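Some features that TrEMBL has for this protein:
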TRANSMEM  B:49-70  transmembrane segment
TRANSMEM  B:162-180  transmembrane segment
TRANSMEM  B:200-223  transmembrane segment
TRANSMEM  B:235-254  transmembrane segment
DOMAIN    B:257-475  domain 'ABC transmembrane type-1'
TRANSMEM  B:260-282  transmembrane segment
TRANSMEM  B:303-326  transmembrane segment
TRANSMEM  B:332-354  transmembrane segment
TRANSMEM  B:387-408  transmembrane segment
TRANSMEM  B:454-479  transmembrane segment
Amino acid sequence: MYDSPLRKTEVDTNASKISARDVQVYYGDTHAIKDVNVEILDKTVTAFIGPSGCGKSTFLRTLNRMNDTIDICRVEGLIELDGEDIYDKRVDPVQLRAKVGMVFQKPNPFPKSIYDNVAYGPRIHGLARNKAELDEIVEKALRRGAIWNEVKDRLDSPGTGLSGGQQQRLCIARAVATEPEVLLMDEPCSALDPIATSQVEELIDELRENYSVVIVTHSMQQAARVSQKTAFFHLGNLVEYGDTSQIFTNPVDPRTESYITGRIG
Amino acid sequence: MPVLWLILIVLALAFAGFVAGRARAISGAGDDRRALHSLPNYYGWNVAMKVMVPAFLVLILWLIAQPFIVNTKATGLLSETAVPEGSTLGLVMSDVRRVADGLDLVVDRGLLSAAEASDLTAGASDIRATLGNAGVAVGSEITPEVLAAAQSYRATNATGNLLRSIVVIGLALVGGGLALAQTKPDFRARNSVERGIRAILVAAASLAILTTIGIVLSLVFNTIEFFRIYPASEFFGSFTWSPSFGGGSQLGIWPLLWGTLYISLIALLVSVPIGLFAAVYLSEYAGPKLRAVAKPALELLAGIPTIVYGLFALLTVGPLLLSVFGRDGLNWMQAGTAVMTAGLVMGIMLIPFVSSLSDDIINAVPQSLRDGSYGLGATKSETIKQVILPAALPGIVGAVLLAASRAIGETMIVVMGAGAAARLSLNPFDAMTTVTAKIVSQLTGDADFASPEALVAFALGMTLFVMTLGLNVFALYIVRKYREQYD
């Protein structure tokens, strides 16, 4: 549908937001992520691509310690957010996840009203002093999620009653409402139709103004459309990482070339 | 022919039909089973089904109908004068049946020949003595009319039994024959068996529903009978429950209803928080190893018979409460049997109900909701309180209402733990009683069954039934209204 890249928001930076060094992840005895080194830049969309089971989602989940909820998962190496080790004992994973928001593959609105869905994060973190301020946060988040115009008249109706694309944008608004610094998206469009996908992609590009966005995707066109940086994972290794245009036009590693031309994957 | 034999014969015919049908199908296809529409066994089953189903259906109907017909015929022989003063037709008829059964027994024992038994006349021989020899005691003197009725009873029964055997076996043979005639290679036996299985399943389902209707009807008729001899305004309006079998009872339902609701309330206050917290711990916090042990252990509580809980209430909880709240302590409690005793023990009984059902429901909440909440930086308890419990709420309400119907219907713990005094009181340390406990005591006494004191049990049962039905309907409504669709 979109063969040419989206009109890219003109923000460019070279400041590193997250840096990962020699990261290893084990599930029980399985070595799922091997020696991954990556610098994720601020105000940039970074795409993780690679075949199924290559570890890109696993690596994404180490960035906000979601893997802590899985008993058998073990992470080694250093991951820094703004120069601070996020696996340090003094770091509260709960606080970390407020800073590093996450949007999941399947839209997962809570069985609450649209308003309460978005207000959930700000409420548990005490971000609003009063109701008026909370209203403001919710409106701002819904506007950023590009869904405000569709739901502003029915904020009290359940979030589960929206369509799939609306639900996913609601989930993005919900993640944005806690003012994260990084937004992790695990295949956010895989359950959506092309129209909803293009809406979400436009949204991702707008989010780049304020956040560092990391997106896992199976669609190489999507990676090419929305991202500035691309990382190619294969069998738990980070094969190649660089500018999206370079990865897609002039890959260095033969495996990357095979994957993006469709010979493996 | 005894019924058991009849059943065995039909089963044997069905087996023979199975073998014959299968063989006929195979030979019809020229020993090539690929030429058959269905697998050979289906042809066999088709024949067996058509042997058994009509035969057994008629047998069941016959077994239900024959006693009615025989009874009506024998009753017709009794004139009004045959019923002595102070007796009823029912009592005389039971005499008739006893004599008839007794004569059958006498013939069986060889004390009289069959012909002699049929030719007996009332005056000629000492029937009572003969029957007494066979171990059958008849209360009053046997009048000629009773004897005649008994003879007719025997004769009709014998004819009926003979006809029954002929009809049932005949049907089995006809059904089997027709099915065998159908059995050709292109006959769709598989579809036919499928239809038969469907019919059997439908029959099972409707039998369960019909039984429920039957139970309700028996309650309804007896309740109507009760309200004919006791005013409904008294039953629903009086605050006193004092049955006296000499007459002049006051049968107000309120003290009993209050006792039921009060005890159930205490039981729910105990079981709902404990059960729910246990469920949350087991499903969200406990590791798989602990869970594997703790969940069955908790469910063990559900397997304890309620009479054992009753003993626990009577022997342990009652005295324990008495030592704290009784004369030696706060002096609120007169005896070990009290609303509190029964309520606490019933609450313990209900914990596994609430916890087990809630646990299943909490586990059914999709992991994606938990991930979403953790991903926003919520802690475990915040996630549970704000996302998981609201998502599981309809199911939890259903579990609680189910526990409530159990509590309302519970009898043994109340009988042993709460005492037997029907009273309206707010003090949870008073003895009270419930609807169910009173149903037991009203029906197990030796009261005349037609008296309001006994019939009130049906009105009480009906009230209870309506209450639990209302609760269940309400629970369903809640569950439907608030159910979230997860895919």
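In case you wondered, yes, glycine gets a Cβ from its N, Cα and C as well.
TrEMBL entries are annotated by machine, without manual review.
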Should the transmembrane segment (B:260-282) and the transmembrane segment (B:332-354) be scored as in contact, given a threshold of at least 3 Cβ pairs under 8 Å and pairs 6 or more apart?
yes
Please work out which recorded stretch in B:49-70, B:235-254, B:332-354, B:387-408, B:454-479 has the most C-beta pairs separated by under 8 angstroms from the transmembrane segment (B:162-180)?
B:49-70
Taking the transmembrane segment (B:387-408) as the reference, which of B:49-70, B:332-354, B:454-479 gives the largest number of Cβ pairs under 8 angstroms?
B:454-479
Which residues of the chain, 6 or more past the ends of the transmembrane segment (B:454-479), have a CB below 8 A from one of its CBs?
216, 219-220, 222-223, 225-227, 229-230, 235, 243, 251, 253, 256-257, 260, 394-395, 397-398, 401-402, 404-405, 408-409, 435-436, 438-439, 442-443, 445, 447-448
Contact set, same chain, for the transmembrane segment (B:332-354): CB under 8 Å, 6 or more residues outside the stretch:
259, 262-272, 274-276, 278-279, 298-302, 304, 306, 309-310, 312-314, 317-319, 321-322, 325-326, 399-400, 402-403, 406-407, 410, 413-414, 416-419, 427-432
